[in-house]
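J.: The structure follows.
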Amino acid sequence: MFVQEEKIFVGKVLKVHVCTMEGTEWLEEVTEDTTIEKLKEKCLKHCVHGSLEDPKTLTHHKLIHAATERILTESKTVAEENLKDKDCLLLIKKRPPQAPPKMTDISSEEKKKQESKAPDKDAILKATANLTTRNTDRTVTQHSIRDFQTELRKILVSLIEVAQKLLAMNPDAVELFKKANAMLDEDEEDGVDEAALQQLTEMGFPESRAVKALRLNHMSVTQAMEWLIEHVDDPMVDTPLPGQDSPGVPAAAAPAPAPAPSASASGARARLSSQASLEEAKQDELTEIFKRIRRKREFRPDSQAVLALMEMGFDEKEVIDALRVNNNQQGAACEWLLGDRKPTPEDLDKGIDTSSPLFQAILENPVVQLGLTNPKTLLAFEDMLENPLNSTQWMNDPETGPVMLQISRIFQTLNRT
């Protein structure tokens, strides 16, 4: 008996369900080594009930595996597409490509756009040239509405001056600010970027110098490395930063021993001189602590934004100024550098008019008055002044949040009226 060779090696026969968009459904038998193209041709013959007269019919259809919603590749076999017995396939006609628009359609579309386009300033002036002018004394209230974030900075600058004066009158002011200064020291010690420090020490720089360089350059490895190279021969390179060599500040000068009780004028003058020197020493110490706190709360530019803007050709100082004005936002800083550069960095340090109704209303608020006697409020003001993005943190703080809430409410109330 003679058997054809191709029948000996025939693949496993599968039965698959085939459905069309019209709702026709049938069972198609196919071997595993059959290509998807041949399977599609068999399905189309079943649909058209005969031979395929139009060759485009084959190319204009596709088979989709219903369970996985994937289009079957025509060059692959049934086995390669991992089809199983009783799988369901969809025979779908491909969407014809969208015909390109005619020139007449394009012109009509452009005409519609031109008709729906809003008139420009010149067209408005031309159309209203013959109209009579009315209500020329009417003021536009929109121009008087001030931005809270812009005004808040001015308010904070002025409130810091008031808070410093109030806290300086507190007999425990020096001790309070020593504690605040020590807290900032702890924050700085914890805030050293370990990964950045490891990179510098692996380059061969001493750890103490690397820590100092990172703190001076806001944890930027590149800028810290440049600083270390520039100061390699500097005899003061190992001098600790202010506030890091000791937890506090130099103690105030000890008061001179009080003279023996005497009614003489010289004794009275001595006591007055002693008190004056003590007060002067206290003020000097407070001033030094204020300087240290501000130095630790200084603005820290985003190192990646600095490098990106410097690569555009801007000077480093200009870039830092732009980021400071625009709260470390790279896009806004770029627009500021390319624009008129308003407001200027100097404008950020200007306070609000202390005789204005807004500032007077803020100072008269009992919650604000109480908050200004708290050293933490002063620290919050300093931090928000240099890092506005930290405002949310202080708004959620139980001690400083009520103060900021009152300032916001007073501003919004007066701004509306």
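One is the number of the first residue shown, and numbering goes on along the chain from there.
In case you wondered, yes, glycine gets a Cβ from its N, Cα and C as well.
Feature list, courtesy of TrEMBL:
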COMPBIAS  108-124  compositional bias 'Basic and acidic residues'
COMPBIAS  246-278  compositional bias 'Low complexity'
DOMAIN    185-231  domain 'UBA'
DOMAIN    300-340  domain 'UBA'
REGION    94-124  region 'Disordered'
REGION    238-281  region 'Disordered'
J.: Restricting to the same chain and to residues at least six past its boundaries, which positions have a Cβ under 8 Å from a Cβ of the domain 'UBA' (300-340)?
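T.: Residues 218-220, 222-223, 348, 386-389 contact the domain 'UBA' (300-340) from elsewhere in the chain.
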J.: Within the domain 'UBA' (300-340), what mean pLDDT does the predicted structure show?
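T.: Value for the domain 'UBA' (300-340), mean pLDDT as a whole number: 86.
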J.: Please list the DSSP helix, strand and coil residue counts for the domain 'UBA' (300-340).
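T.: Across the domain 'UBA' (300-340), DSSP assigns the residues as follows: 27 helix, 0 strand, 14 coil.
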